[in-house]
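K.L.:
What Swiss-Prot records for B:26-45, B:193-215, B:225-243, B:250-272, B:305-327, B:369-391, B:430-452, B:473-495, B:515-533, B:546-568 is transmembrane segment, and it gives sequence analysis as the kind of evidence.
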Amino acid sequence: MVQASLPVRLLRLGFGIGVLWFAFWVVGPRIVASVPALAHYGAVQDIYGIRSGALYYNDVDATQAAENNSRDSWRFTPQGPEQGG
Amino acid sequence: MAENESNVVVDHGQSRLSDLWTKEDYWAIWLGFVILIAGMWLFLANPSPEFAQKVDKANAVMAAEAERAPFKTLAYYKAQDDKGKLKAMDSATGKSIGAFLKAPGGWTSNPLESFVLSKEAAEERNAAAKSKFEAAKAKSDAAFAAAQVAEAAAAEAGFADTALNDAAQGKIAEWRADLAKMKSAEKKVKTKAFNISTSLPMLMVVMGLFFAIGMKFMGHDVPKFLVGFIGVFVVAVIAQMMGHQSTMKYWGIGTEAWAIIIGMLIANTVGTPNFIKPALQVEYYIKTGLVLLGAEVLFDKIIAIGIPGIFVAWVVTPIVLICTFIFGQKILKMPSKTLNMVISADMSVCGTSAAIATAAACRAKKEELTLSIGLSLVFTAIMMIVMPAFIKSVGMPQILGGAWMGGTIDATGAVAAAGAFLGEKALYVAATIKMIQNVLIGVVAFGVAVYWCARVECTSGRSVGWIEIWNRFPKFVLGFLTASIIFSIISGSLGSDMSQIMVNQGVLKGLSSPLRGWFFCLAFTAIGLATNFRELAHYFKGGKPLILYVCGQSFNLVLTLTMAYIMFYIVFPEITAKI
């Protein structure tokens with residue numbers, strides 16, 4: 001197969017970069033602005049230090065707090081004082 | 001991933017002693033173990049005595065508060081938070097390692113901020129964020145004061161008044177929400193200057209030489225590999241930078257996805273330069289990363305949320321995986337078994353990390369892994385918004401909603417974000433369920449590897465002996481499992497608190513997880529740079545992968561919700577009450 005010339009290939013690369021830029025920097029912010037749920041979704045990630053693209057539980061800091069909370073709930077289950085009659 | 005076109009092995013495999021230093025699988029194990037041993041030496045050998053003292057102090061407070069009140073009090077939460085701050089990687093050594101391994105960071109409009117932040121710029125940011133922090137702090141302090149008053153009122157009534165107890169719990173929950181916002185604002189006034197433009201080239205050299213050791217013994221051209229590695233590393237750095245751009249959080253697109261996107265963009269436009277090709281060692285990087293991932297597969301995690309968590313994560317998941325695979329084979333008649341298995345594992349277990357492990361275990365083609373991850377990303381982006389919105393609209397309890405999302409949304413980060421959307425309780429349950437599912441990767445990888453060697457990779461009519469299974473078995477899975485078993489034993493022997501501090505927040509997050517991240521990024525960059533759009537499109541022909549994913553995920557959604565409801569609300573409601 002004959003490869004296209006370098007200028008054509010560079011043009012294709014530029015087009016690809018342009019498409020990505022348009023999707024994430026033009027269309028994306030408009031979608032976020034028009035969907036309140038998306039804006040809230042981004043805000044909670046900032047609050048809890050979460051990255052939604054993270055792969056594994058060790059990549060998400062909130063998992064440590066979640067695990068500690070679950071384990072401590074088991075070990076130190078709030079019982080309170082006995083309510084006698 | 002397959003190194004030749006056919007998945008069917010006709011000839012007998014053979015094992016030799018020399019495989020130990022000439023085969024890629026074994027080099028993945030040796031390199032991975034070197035890193036893990038270094039991590040254990042750095043973080044486990046000399047634990048700070050104050051860790052145990054602070055843990056005991058915090059546990060004593062929680063135990064006392066648990067006896068005093070029928071709900072988690074302010075003192076209980078403060079003790080828990082104090083315990084959560086203890087991290088072995090916060091030592092001087094840990095900080096040095098962290099600085100060296102640091103990937104490009106977050107940025108909004110200026111990508112250079114990902115690499116360099118001057119002292120003046122950091123101070124400017126801190127000053128700009130100060131007023132918001134002060135407002136958040138004031139709100140948090142006010143909420144704390146209100147919670148104190150409510151808790152004192154409940155205590156005065158001997159915690160016998162249900163209305164006062166409920167009011168106190170409500171005020172404490174409000175304080176927790178405000179505290180989280182205050183901590184987030186506090187990070188923004190503590191921005192420090194950094195400059196990774198000097199550490200990144202050094203990291204490139206160290207990683208290149210590290211992998212070159214194995215390349216030398218495997219008979220590859222080391223100088224050509226090292227030169228090519230520069231190209232792969234540069235693209236990986238760009239992928240890291242893009243993955244940390246601030247708007248990516250809305251779409252769940254991380255570093256690995258960007259590595260594939262950028263790699264494919266280059267490969268299918270200007271073309272991958274020839275000098276890079278010797279370094280496109282996809283399997284080598286992935287297998288080494290997987291051995292490191294094995295150390296994070298800690299089996300004691302599965303009891304973190306009790307039996308309901310085990311049922312949702314470890315009973316439902318294999319059922320969905322197997323049923324989806326059978327559906328793909330018998331009903332859809334997927335042309336590729338490996339693609340079927342990778343999609344089934346990706347969708348049912350935990351997304352990209354499960355896809356990586358399964359693809360390597362069954363020697364799937366890199367295009368199949370790419371397609372599977374692409375499908376997963378698209379549906380994750382939809383589910384991570386739609387599910388919490390749906391859960392909120394129908395008034396589903398946070399625990400049930402969190403368990404449902406944890407067991408169904410593929411990506412771990414997206415699960416946590418979707419849980420946080422609903423609230424702290426949903427976040428904790430969702431993240432814990434997903435963590436338990438993450439641990440299932442070890443079992444899935446081993447099971448798939450054995451099944452493929454014993455059943456799939458043989459001509460029909462031939463039985464396969466144990467020696468032949470051994471010969472064909474992807475040996476890196478042994479390294480993966482060995483790391484998992486050793487670290488599970490260490491974790492179990494240390495106890496959950498010290499394991500969290502020394503293993504998770506020490507060996508793993510201090511050394512092996514960042515390196516694992518880099519190795520996967522290199523692997524996906526190499527995949528992208530070696531992938532042709534037309535070849536990828538071929539695997540999507542007929543839309544069967546999409547149908548498989550949709551049907552499997554639909555089944556997953558129904559079964560997970562049913563199981564979560566039964567376990568958390570019918571069989572073990574007392575466990576649910578504790579969470």
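Every residue, even glycine, has its Cβ placed from backbone N, Cα and C.
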K.L.:
Would you kindly list the residues that approach the transmembrane segment (B:546-568) from elsewhere in its chain, counting only those six or more residues past its ends and only Cβ-Cβ distances under 8 Å?
P.N.:
307-308, 311-312, 315-316, 319-320, 323-324, 327-328, 332, 334, 340, 343-344, 347-348, 375-376, 379, 399-400, 403-404, 407-408, 540, 575-576
K.L.:
Look over the recorded stretches B:26-45, B:193-215, B:250-272 and say which has the most C-beta pairs under 8 A to the transmembrane segment (B:473-495).
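P.N.:
Answer is B:26-45, with the largest number of Cβ pairs below 8 Å.
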K.L.:
For the transmembrane segment (B:369-391), name the stretch out of B:26-45, B:193-215, B:250-272, B:305-327 with the most CB-CB pairs under 8 Å.
P.N.:
B:250-272
K.L.:
Residues sitting near the transmembrane segment (B:250-272): Cβ under 8 Å, six or more positions beyond its termini, same chain?
P.N.:
103, 235-236, 238-240, 242-244, 280, 352, 370, 373-374, 377, 380-381, 384, 411, 413-414, 417, 517, 520-521, 524-533, 536
K.L.:
In the same chain, who gets a Cβ under 8 Å from the transmembrane segment (B:193-215) while lying at least 6 residues past its ends?
P.N.:
24, 27-28, 30-31, 99-105, 115-119, 121-122, 222, 225-226, 229-230, 233, 237, 281, 284-285, 288, 518, 522
